[in-house]
Amino acid sequence: MAEKLVPVVCPWCSVGCRFYAVSVNGYIRRIEFDYDHPTIANRGKLCPKGVASYQFINSPKRLKKPLKRVGEKGEGKFEEISWEEAYRIIAEKIKEIKETYGPEAIAFLGSEKITLEENYLVHKLSKAIGTNHLDFPGRYCQYSNSPARTKVFGSAAATNPFEDVAKAELIVIWGHNPAETAPVLFGQYIEKAILDNGAEMIVIDPRSTRGHKYASLHLKPYPGTDLAVALALLNVVITEELYDKEFVQERTAGFEKLKESVKDYTPEWAEKISGVPAEDIRKAARMIANKRTAFLVNEGVNQHVNGFNLALAIADLIAITGNIGKEGVWSGVFPGAQCGFCAAMSGIAPNKLPTGGLVTDEAARAELERLWGFKIPDWVGLDLTNMVREIGKKIRMMYIIGGNIAKSMPNSGWVREQLKKLDFLVVQDIFLTETAKYADIVLPAAAWFEKTGTAISAERRVQRTYKAAEAPGEAKPDWLIIVELAKELGLGEYFKYSHPDEILREINSVIPLFKGATPEYLAEHPEGCFLPCSEPGEGTKILFKKGFKTPDGKAQLQPVEWMEPPEMPDEEYPLWLTNFRLVGHWHTNTMSEESPSLKKRWPEEYVMIHPKDARELGIKTGDLVKVETRRGSILVRAEVTEHVREGVIAMPWHWQANFLTLDEIHPMTKMAELKAVAARVKKVEE
Amino acid sequence: MAHKKIFLDYKRCIGCKACEVACEMTHGEARIKVFEFPDLFTVPFNCRHCEKAPCLNVCPTGALFRDEDGAVAFDPLKCIGCLMCAVACPFGVPKLDEENKIMDKCDLCADRRAEGLLPACVSACPTEALKYGEIDEILWEREGKVVANLKSAAEKGEGEPALLL
């Protein structure tokens, strides 16, 4: 029994940690920490999810054979079928729906959990079938911050590598809880900045998070009112003339309009809306303007209908204080999953092409048609929320890969009802998720350690991960399933791949950003390369040193206005409900629930209630309570704690919290309201 | 010669429990525990491998012994499950393995040390709240940092507060 050390990228968050899977005869025996490559992001360290990361692949609940539904939709009753039959049924159904309703009745979902190569193939297959209804569940992840940053800087990507976080003088953690969502980033970079290099930290969050003990200032806005704080920060920086005048003069455009738009948003005005003392906002603004600042923002900023405005305001703030394009600053999007960028960079969106162009751009389309050899549809497809809204109308069939929308989407009860209306649903996953229960055909996929592929971390680092275990039963890697299905559909000539390396080579030639990220280079360099990677070995660590990716090379400052959250507490539902993440769970916990070491330590959901609210409601820690919103109610245990601000209740979102949230979306970004809804809590007698 | 031990810097701990999980993955049961307090204060706690270890002194069978690296290690074949070590330990570290009726405690990852690797909990700890080293080494590093901070504060000018770690 020879032990083999297989280098892998961690399958959970997007810090991009590496370690070795110790593989014996196709099974992972244990893991070993990678201290051999000091330049990797995690420097050998891992969080609890990383250490326990191979447990879920050994779960007895793994899907092992293709399944065909026999019971009612949602019931979860299936019979096993062969791969040939599964492909035949899917291909026939695709052809039938194409003939009856046209290709625009079919929608595809890529995933932030599968590799770059696989997302690229999903994209290629959807276009080959003739539909642009293409999205991925990351729609609810970064789609506020990403378009906002693109508007201001021309590109959303993280500006600096993590090592610059450790060099910052001030760290602003806004709606982000890296101590739990990315402990390695927190320990290796943020803590080093604070404890070793004397940096300060500002936390903006209605909860006291784990990292909060290091903060010199903690602003606690009500959920959904962070925008008021951001506007007031801009107001103070501009009225007190704290902004970087030289930078604003030389590298930004639109300052006067921005100044005009925020002139009425004083800290006193923001205090009335957000409950954050005006003096604290002033203090924060002065700190941000005078120090080299790293901005770490995440879902607390993103997952609001007004999150786009908030992200714009933050991007403006970063630009006018000059905290971009140099060492010792950091800002950017921070995907929740290891491959959020894999989906985004391969153009998984209703309006994009993998090359970076838009589907409506004729020249870009023609270029891709030349590369791929088939016609590309020219219309803009539907985003995820609208796809689900259109089920039973425009959308007749969905093909979902590695997504669990029946649990992760806002107002998930409604999503489940919608899924029942589909003519045909294919789900490709590693477990029988809540979503898979509504499928007509379920395809068993290989899990993360069971295939070779490319991952892209939050700091734009492209890394290769390798196969360390055999997939159980007849499960196959997602790329192979797509290739074989394409053959069944008669598209074989466009999908001639027998190894992920071949797909990556095609990506090298199709997506310009990846030109230098060849399989050979990545195999030799486990630490990967930073995008854009134009030639092997020529990555880009710091972006925007000279110009921005906007037409005139200047940051386009955007005027921003106050926008109310779509639902506010009232007499009937007097509390704000928000949600958060736990260090031991990940997304809809399909994988972390199957990891015994994690499940044992983080066993169930609960609701955090402030002692004052709890007293009024007669609730004590451990009581069973009913949390109710206009969408429904769930029963959970209460935790009375001062770590959440008065008037706000908070729940971890991994279990059922999204049953309660709101599917109202932003008109442009289509981001829903997942973090701030009106709720009430009642004690339930046991 | 001073022995190497695991030192706990609770100030750096964020309570992520990576150490617990790493220990559990190595030994089947976590021998280190992270205690959480209501004010977000967290302390990882493991066997101290005391210089004058009471557990070792009271063990009637010699199942507990000091290995060459100074760890209070354990021979399961000699253990009779009398629980004397558990009573003597001021920290409540040795635990009874209910199934085998013998004791179980941290041995500073003897297997990993034999391969030249760090104990699992220390390898994992993302914040470096757990450090493996000799007491003097760790203290010198601390002192060095305090002095450097005081010096840089003095250089920055009067009134600039020094950073005491």
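Placement of Cβ uses the backbone N, Cα and C atoms for every residue, glycine included.
Just so you know, TrEMBL annotations never went through curation; they're auto-generated.
As given in TrEMBL:
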- B:4-23: domain '4Fe-4S ferredoxin-type' (DOMAIN)
- B:38-69: domain '4Fe-4S ferredoxin-type' (DOMAIN)
- B:70-99: domain '4Fe-4S ferredoxin-type' (DOMAIN)
For the domain '4Fe-4S ferredoxin-type' (B:70-99), sequence-distant contacts whose Cβ falls under 8 Å of one of its Cβ atoms, 6 or more beyond its ends: 3-5, 29, 31, 45-50, 53-64, 105-108, 110, 113
Long-range Cβ neighbours of the domain '4Fe-4S ferredoxin-type' (B:38-69) (under 8 Å; 6 or more residues past either end): 3-6, 8, 10, 13-15, 19-20, 31-32, 75-80, 82, 84-91, 93-94, 102-103, 105-108, 110, 113, 121, 125, 129-130
Secondary structure tally of the domain '4Fe-4S ferredoxin-type' (B:38-69) (DSSP, helix then strand then coil): 5 helix, 7 strand, 20 coil
Averaged pLDDT score, the domain '4Fe-4S ferredoxin-type' (B:70-99): 94
Cβ contacts under 8 Å made by the domain '4Fe-4S ferredoxin-type' (B:4-23) with residues that lie 6+ beyond its boundaries: 29-34, 36, 40-46, 48-49, 69-70, 106, 108, 119-135, 138, 165
Helix, strand and coil totals (DSSP H, G, I; E, B; other) for the domain '4Fe-4S ferredoxin-type' (B:70-99): 5 helix, 6 strand, 19 coil
